[in-house]
């Protein structure tokens with residue numbers, strides 16, 4: 001799926017068929033078939049699921065800071081899901097690209113934009129939760145919708161910059177033997193470019209966030225449980241589930257990216273990794289549809305989900321109540337909620 005042009009004397013990867021010989025019949029590999037099935041499911045679940053989350057959170061964004069965070073997460077996931085039909089057409093037709101050079105640069109790159117946007121937004125949410133615990137008075141005075149939207153805007157801009165190599169190095173490639181057009185990532189003849197991109201992607205998009213967010217939520221969970229702040233604990237648990245799913249579904253993609261960048265196309269490791277790459281990319285796409293499922297499961301028990309509409313369940317999870325009347329003391333309730341005069345958490 002993620003095609004990279006290959007030169008005879010460097011280590012850039014290629015997803016062109018393994019040679020064109022007489023009587024060779026092209027067909028989808030088992031890995032491609034699995035990838036197609038996964039992507040179809042992701043599209044069918046992710047588009048309506050994320051569209052519903054966008055609708056619910058957009059209605060609540062003026063009153064609840066949490067709604068702003070989850071609105072941007074859902075928008076990033078929805079954007080990636082909407083590109084899937086075109087990518088599916090290319091995959092089913094053995095990576096033949098029908099849609100021109102501009103679409104080649106933009107559409108396959110959306111998954112990387114999603115990766116960086118998601119992890120940066122999750123880091124922003126984590127910082128927000130941490131500030132609510134460590135500096136509740138500061139949050140009471142300065143935490144508001146304008147600051148939240150500014151933080152989300154910065155996350156999107158930084159994600160665009162981090163994913164820009166994919167936009168810059170993607171192009172269409174005409175295969176002379178098969179007379180097909182492929183959408184490829186061409187790093188040229190300098191292997192260091194591909195390795196640098198893969199390394200930055202691994203460090204910025206995975207390892208550093210994994211370490212920092214693990215430490216952050218270990219502290220937050222211990223703090224909320226010790227104070228029995230049930231409402232805040234529920235929000236933290238939802239975010240922990242979203243963060244965990246991100247790392248689970250992106251891990252295979254990161255591993256294959258490093259292996260393909262550091263091994264010769266002639267090596268057995270490279271060939272075996274390449275055979276799994278389409279599945280790993282599709283597996284990463286699952287992260288684009290899993291969040292709405294997490295929100296619904298976290299909303300209520302099974303009976304509650306039967307009795308209440310999906311928008312009500314999502315609204316309950318993605319926004320937080322204002323001040324609990326049973327905890328009027330600000331010192332005892334800053335983890336749970338903020339006072340009535342401030343925006344809801």
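Cβ atoms are placed via backbone N, Cα and C, with glycine included.
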Same membrane side per Swiss-Prot: residue 63 vs residue 223:
yes
When you get a sec, could you say which of 8-30, 238-260 is annotated transmembrane segment by Swiss-Prot?
238-260
With pairs fewer than 6 apart in sequence excluded, do the transmembrane segment (106-127) and the transmembrane segment (238-260) have three or more C-beta pairs that lie under 8 Å?
yes
With a cut-off of 8 Å between Cβ atoms, can you find at least three pairs linking the transmembrane segment (149-169) to the transmembrane segment (278-298)? Only pairs 6 or more residues apart in sequence count.
no
Find, among the disulfide-bonded residues listed as 104, 183, the one whose Cβ has the highest number of other Cβ atoms within 10 Å in the structure shown.
183
Please give the sequence-distant neighbours of the transmembrane segment (278-298): residues at least 6 beyond its ends with Cβ less than 8 Å from one of its Cβ atoms.
1-2, 29, 31-32, 34-36, 38-39, 41-42, 45-46, 49-50, 52-53, 70, 73-74, 77-78, 80-81, 84, 91, 111, 114-115, 118, 234, 237-238, 241-242, 245-246, 249-250, 252-253, 255-256, 305, 310, 313-314, 317-318
Sequence-remote contacts (6 or more beyond its ends) of the transmembrane segment (33-59), Cβ cut-off under 8 Å?
1, 67-68, 70-71, 74-75, 77-78, 80-82, 84-85, 87-88, 91-92, 278-279, 281-283, 285-286, 288-289, 291-293, 295, 310-311, 314-315, 318-319
Can you tell me the mean pLDDT for the topological domain 'Cytoplasmic' (222-237)?
68
Can you tell me whether DSSP puts residue 104 (disulfide bond) in helix, strand or coil?
helix
